[in-house]
Amino acid sequence: MPEPTKKDDGQPEEIVAPDSGDAPSENSVVLTPKEAKVAAKDTDAIVTVTEPEAAAETPQPQPVVIVVTELEPVEGEVTDPQPLVTEPVENGHSEPEPTQAKKHVKVTEVKEEEPGTSKVPAPSMKKSADTKATPIKDKDDDVTASTPSPPPPAEDGSTPKKLSIDLPNDSDPESTRGRKDSVWSLGDGQPPEELDKQIDTPPLSILLIEKPQSGSINVGGDISFVAKVEAKDLLRKPTIKWFKGKWMDLASKTGKHLQLKESFDRFTKIHTFEMHIIKAKENYAGNYRCEVTYKDKFDSCSFDLEVKEVSDGSQNIDIRSAFKRREHKQEEVPEVDVWEILKNARPDEYEKIAFMYGITDLRGLLKRLKKTKKEEKKSEAFAKRLEPAYQVDKGGKIRLVVDLADPTVELKWYKNGQEIRPTPKYIFEHKGTQRIMVINNCQINDDAAYSVTAGEEKCTTELFVKELPVNIVKQLEPVKTTVNERIELECEVSEEGAKVKWMKNGVEVPTGVRSRYRVKSEGTKHWLIIDDATKDDTGTYSLMATGGTTEAHVQVELKPLKILMDLQSVTVLLGQPLKLNCEIYPGNVPGRWYKNGQLIQPSERLTIIHRTKNHSLDIESSTIHDAGDYTFVPEGYTQTLSAKVHIIDPPRVHLEALNVQDNTVTIVAGNKLRLEIPISGEPAPRVVWMKGERVILDSGNRVRAETFADHTCLTIDIAEREDTGNYKIVLQNEAGEDTASVKIKVVDIPDAPEAPLVTDVGGDWCTMTWEPPRYDGGSPILGYFIERKKKQSSRWMRLNFDLCKETTFEPKKMIEGVPYEVRIFAVNAIGVSKPSEPSKPFIPLAVTSEPTMLVVDDVTDTTVTMKWRPPDTIGAAGLDGYQVEYCIEGTDEWILANKELIEKTRYTITGLPVEAKILVRVKAINAAGASPPRTTQHSILVKEVIEPPKIRIPRHLKQTFIRKVGEVVNLVVPFVGKPRPKVNWLKEGQPIDQTINIRNSDCDSIMFIRKAERKHSGKYDLSVQVENHIDTATLDIQIVDLPGPPQAVKIEEVWGNNVALDWNPPKDNGNAPIIGYTIQKADKKTMEWYTCIEHYHRTCITISDLVVGNEYFFRIYSENMVGLSESATATKDSALIVKEGLQLKIPEYNDRDFTEPPIFTQPLINTFAVAGYNATLNCSVRANPRPKVIWMKNKITIIDDPRYRMFSNQGVCTLEIRKPCPFDGGVYTCKAVNDLGEAQVDCKLEVKGGFTFFELMKRGVPLHLIDKYMNESKTSEKSESEKKGSI
């Protein structure tokens, strides 16, 4: 990209760089490396040319800055204010370019004159390709600075005017030229207002660990540039920018030809940034720059891209390649006056002319051209001004001449604003009206802006001092030497004090304070000196001057080495001295000793000696660590001497490190034993562990032996009793053998005792005994712990916290009637054994208290019946039964009356002697035994007593007993009497029907009818007789049924909207009085019945509020206590309600045929239902005669399914689905059929929610909860089905 140009008001001008595939003419102003360095150090140095301004304004020098482009490598740019980053010269650019044909560009600048003055055309300024622009020294460096003079007056608000001329050169890298061109855009570049801003450049730091390298490709090829940044010390990703030229940011140019990529390696902590150029074009060539920024750190790198055009023949000539040829032939190019060309050209041709003649500051030139086109003012002081620019060779003489209009005007000369005094260097001459300043022996510091003032006017010019190229007079000569020798490369150039550059393999040779290279110059001779040569110094060395390059090859070889005595491998006993020596030739060659690749340094124990040809290494007392591979490396040679050192030591087992008595190790069973025993010996001895005759291997699972460098280890993961014994260790190596023994004792808890025995049980205690365990674990039994638990519980409770020394124990405070179990733990010094097996379950029990209220219930001639109440206290053992005993008065023998226990509290003692007197007692028996007996207080006489019978009729039988037909009749009538009474049943004086079952006992009589009928109604007589004593009772039973329909229902009268009805009671009242009637009406059109009134008691009624014009039928149900009659009696005739006062004449007409096949007027609609909530499907159908409606699910007819309810009313068909589940989803069909045809409609039902068995299993619901859920669903469906069946 072209450099920016400052405007008069301080704003930069923008330059439009042409983009063309043709190679432009090369134009440049050459700077030598020395001058470029000066320019880099002093970026403020400028080359100025003073210009005359309007006479009405105060005159002042107007500086014009020239930004020059160099052909030779430089270390910085002249006008770039940013920090300069010097890049090494890559291969391919290490040689200077040949002398090129120069094309002179003539630039003429005409300044604005005062109105009314005559126009004086400015002479053309000739700029040659070999012109050199040098930075101007500071004011203090001028020879006239010692004599201060007032500076010329300054212009109001004016600033130095800079003209930037950038001449393109595609073949040179940016580091060797100032050209910044654009590849992808022909735009204006950066806005002018931004160029004037001061750029805050961050401090330089090294961020790039891998920089992009310059490269070259053919047109249409691809190339990638890679930059890498190490992120170990960075907290976030650095910012990277890619530039083309000076400021074109390539981030906005990405597309099919340019791609920017970045990646980050988490393992190496490196950011990788890539720029890919795809299918390159010829104008893509140029200089590129990569900038990396992170916080206050900054780094940049420049690189070049060369795009080669594939030539098809001799006609396509690459002009850039022509510049690379080493031709010293120089062609003269005719001078061109660019000002004249621009003046005569059209505005649309300016850019083409600027590109053709290498003018980069097109905008600045156009601005000055615009000024020249204005009316020029005629100067009053100068008849002829200075030329805009002059050129002179270094060391030459230049004359600056002006003609004065008024010779009497005082004239003053200035250089860079400082007045020039007459000196031998500056000579002033007067020839008539001409005033001449001669500058002798022009040097680089004379390259400056000069001005002359005459009164109020001034004119300016610019002097360019051309420096002649430095040529090579004496070429470098090849050098071949050996290591450690001195190398001197000598070259002679054509000029004293010339700046040259030394290169090695295309890279500049460092010549700093710490560098191995020294550079010396004396007059025109230059030397590169290497004092102590190494093999790395081999390469091609070159010297670059402005006029050419010379190179020579330097070959450094090693001196021949001869081994007189090689190193010998040795084997040394531990602690003995070790000595290694060798002899080599030449003897003055030093060397280094290495052990296992590590450099050996001398110490008090280790001595390294070098005596002429002998090199030795001595160790006073060898250690194990001295063994290894030793290498002697002569310095400067690739040959090495090597030997192996072996240190041997007899093996030994260090049992004293165990610190146990008698070498016995005690371990508790179940624990892990890791027995580490130190061993020594070199080489490492072979270790064998043995128990008896069995060798313990290192691959064992539970017991294994392992050997390490300084110890051996026996590991028992889980110690067992069988591991007890003596273990033997055997060590062997080439130096000897050693053995040792270790005893391991495994102690354990005792075995579990046998299950205890419970010998005796009480109400809350028991007695238990047990035997000691068979194995005490190698330690005496200290005692026992006893635990108990309830049988149904799993929690054991310890009964003693102090050890029980005996083998018997008596647990107490138990709950009576609760089953218990007990168990035992044995305890020794190691711990507590496992619990014994639980004892057999036992229950602490106690006998009950004595029975209560023992009385005589009945006495006969041979029996006595006793009854009593249960004991007050039964206990947890419960009550198994009673034992009855009797004793005949006068004896002490108690006779057991019942051989088996009885559970009832009443018992009859049989087989007693008549009129005998006895005593009776009763005992309560349970698992604990017999309770104390309860005995009668007085004797009992065995003799029967007569009791008259008595019927005890229940209260509900004292009134009429009513039951419906078909129900069960079960009547129990208790009575008393002794001896057992005789029972007789009669119905209205006749024997009862055989369908009635009678069962009699000593105290009651039962009448049972399985299925009642109306014939069972009537009065029943019951008689109870004991000998001559009798008692009777009467029971009234009424079996009722539904009544019959009313009789003779007729319409008595019709008036208005009223109808009078009359009927007779039913012939059959159902064996129950009629309690009311239910009257219904039906319209003749629909014949659907509606209830008008219920529970009506009379046999006539008037029905009101009937609809005029309708014709009605009526029917009546009769009702008794059972319910409505099964059928109703309807009127034969209908009642037509007509409007009062009008007589309706029914016209004669033919009946219209209203019959039609089914047609659905409203179809079914697809429906979503929620599981568990009722859903309905509705549609409407029209048909005559009335159709039959059929509902189907998935083409299967729904019949008698309790989950579905179907309704049809006035043509509206409804299907109700009760509590649907996901399985109820599907396609439902409603089909209507009559004699004339059929029709059907479909819809889809989708049930959302609810869970299937699979879904519940998938959700991880436990099986018992799934079973409960499914059962509830089935129960719900079953209840709905039963409800529908009952309806």
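Glycine residues also receive a Cβ, built from the backbone N, Cα and C atoms like all the rest.
Per TrEMBL, compositional bias 'Basic and acidic residues' is recorded for 1-10 (among others).
The compositional bias 'Basic and acidic residues' feature in TrEMBL is assigned to 106-116 (among others).
Per TrEMBL, the feature compositional bias 'Basic and acidic residues' maps to 127-142 (among others).
As annotated by TrEMBL, domain 'Ig-like' applies to 202-311 (among others).
For the domain 'Ig-like' (469-555), residue counts in helix, strand and coil come to 3 helix, 47 strand, 37 coil, using DSSP. Taken from TrEMBL, the feature domain 'Ig-like' covers 469-555 (among others).
Mean model confidence of the domain 'Ig-like' (560-642) amounts to 88 (pLDDT, 0 to 100 scale). TrEMBL lists 560-642 (among others) with the feature domain 'Ig-like'.
Positions annotated as domain 'Ig-like' by TrEMBL: 651-745 (among others).
What TrEMBL lists as domain 'Fibronectin type-III' is 752-851 (among others).
Residues or ranges marked as domain 'Fibronectin type-III' in TrEMBL: 852-945 (among others).
Summarising the annotation, TrEMBL assigns domain 'Ig-like' to 949-1036 (among others).
Taken from TrEMBL, the feature domain 'Fibronectin type-III' covers 1045-1141 (among others). Residue counts of the domain 'Fibronectin type-III' (1045-1141) by helix, strand and coil are 0 helix, 53 strand, 44 coil (DSSP-based).
Residues or ranges marked as domain 'Ig-like' by TrEMBL: 1157-1246 (among others). Remark: secondary structure over the domain 'Ig-like' (1157-1246) totals 3 helix, 59 strand, 28 coil, with classes taken from DSSP.
Under the heading region 'Disordered', TrEMBL lists 1-28 (among others).
The region 'Disordered' annotation in TrEMBL covers 73-199 (among others).
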Helix-strand-coil residue split for the domain 'Ig-like' (651-745), DSSP-based: 10 helix, 57 strand, 28 coil
Secondary structure composition of the domain 'Fibronectin type-III' (752-851) [DSSP: H/G/I, E/B, coil]: 0 helix, 32 strand, 68 coil
The domain 'Fibronectin type-III' (852-945): DSSP-derived helix, strand, coil residue counts: 0 helix, 45 strand, 49 coil
